[in-house]
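Step one of this worksheet: look at the structure below.
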Ligand code: CP3
């Protein structure tokens, strides 16, 4: 696996072209996903290893992508800690027992790998199916992003209650974040032991934070998690929405790759990071709605900019939207795979 394009690029080694995978590639933009989704609930899909493996393999088989990502969700850790999680079509995730008081925080469990064994089982099934063809990426949510779902009780536009906890009750917030960070490090180590070839930490909502709050309430816990990983030769990718601002701080947590949103010139930000840190990104996912001519032009523009750089993984600046035409995603992958440095 160390010779795969993806792992080489993640470790900033030279590759003949940039490897490609896309956040949220194991999901709703594929008609085949709906054939499975119509039969099971989302959590049933996550918790049944054979089904999680089927969905993980869809983009591998249909798109011939350079890395697979485990089909699961960042909120499974929060559920294992005691969150009563449900997913409703059109509404998204919900916790019926939001975490807002010291009592709530105290009642959360922190030794939960037993409850997440189904993920290890899924990883083993997926690795059998992949049979060494391409690497498998495992993942977890970053503590701040997971905390926001627990405190708000679901998705939020402004993270009002979460920020209020950070600002009015910082000790309580730290207590909650520490518990999530412990669970997250254990959970990523469980995935590594089960056989993933890389891990990504998703801090999707970091962009809501000021520099100081990001430093105190997010960066600190991501650093702690990364330093607690039994990394062996497993690259660690750190993603956040807001990375165009926070990338230099993200690099201090010592991941191998920083995943960049689309608000910034990728080469410019790469040059501001230590040489041994690779970048992943950073096409605006909305480009995949556009005409094929535009898709090709924008991909080539990004690649020409990154020509000659080691340590570049193609991805979107955030996940694929569910209504992006499948055909456009397939076309984008073909264009990328034709490119030579
Ligand atoms: O990348 C992949 O394809 C792997 C699978 C994956 C899912 N969720 C499957 C999923 C990954 C990596 C995630 C991560 C995740 N989950 C994040 C971080 C990534 C990001 O985009 O920023 C977040 C914030 C969540 C929380 C979550 N899960 C939300 C907000 C929702 C529903 C709302 C929505 O429209 O995205 C989910 C549900 C979810 N997770 C689905 C999938 C395929 C849709 C479930 C369905 O079919 O209804």
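Going from the start of the chain as shown, residues are counted 1 onward.
Yeah, the Cβs are placed from backbone N, Cα and C, and that goes for glycine too.
The substrate binding site annotation in TrEMBL covers 24, 25, 26, 27, 28, 73, 149, 204, 318. DSSP gives residue 318 (substrate binding site) a coil state; it is part of no helix or strand. Listed in sequence order, the residues of the same chain lying 6 or more apart from residue 318 (substrate binding site) and placing their CB within less than 8 Å of its CB are 23, 204, 241, 261, 262, 285.
For the domain 'Uroporphyrinogen decarboxylase (URO-D)' (19-28), the list of distant contacts is 4-6, 9, 34, 37, 55-56, 58-59, 63, 65-71, 137, 239, 259, 313-316, 318-320, 322, 329, 333, 336-337: same-chain residues at least six beyond its ends, Cβ to Cβ under 8 Å. The feature domain 'Uroporphyrinogen decarboxylase (URO-D)' is assigned by TrEMBL to 19-28 (among others).
Residues annotated as domain 'Uroporphyrinogen decarboxylase (URO-D)' in TrEMBL: 137-153 (among others). Nonlocal intrachain contacts for the domain 'Uroporphyrinogen decarboxylase (URO-D)' (137-153), taken as residues 6+ away from its ends with a CB within less than 8 angstroms of a stretch CB, comprise 21, 67-70, 72, 74-75, 77-78, 83, 93-96, 98-100, 123, 159-162, 165, 173, 176-177, 180-181, 184, 187-188, 191-192, 196-206, 208-209, 217-218, 221-222, 225, 237, 240.
The site 'Transition state stabilizer' annotation in TrEMBL covers 73. Counting only residues at least six positions away in the same chain, the Cβ atoms of 42, 46, 93 sit under 8 Å from the Cβ of residue 73 (site 'Transition state stabilizer').
Packing around residue 26 (substrate binding site) is summarised by its Cβ count: 22 other Cβ atoms lie within 10 angstroms of its Cβ, all protein chains included. Note on residue 149 (substrate binding site): other Cβ atoms within 10 Å of its Cβ, all shown chains, come to 25.
All protein chains included, residue 28 (substrate binding site) registers 14 other Cβ atoms within 10 Å of its own Cβ.
Here the domain 'Uroporphyrinogen decarboxylase (URO-D)' (19-28) is broken down by DSSP into helix, strand and coil counts: 0 helix, 1 strand, 9 coil. The DSSP breakdown of the domain 'Uroporphyrinogen decarboxylase (URO-D)' (137-153) into helical (H, G, I), extended (E, B) and coil residues amounts to 10 helix, 5 strand, 2 coil.
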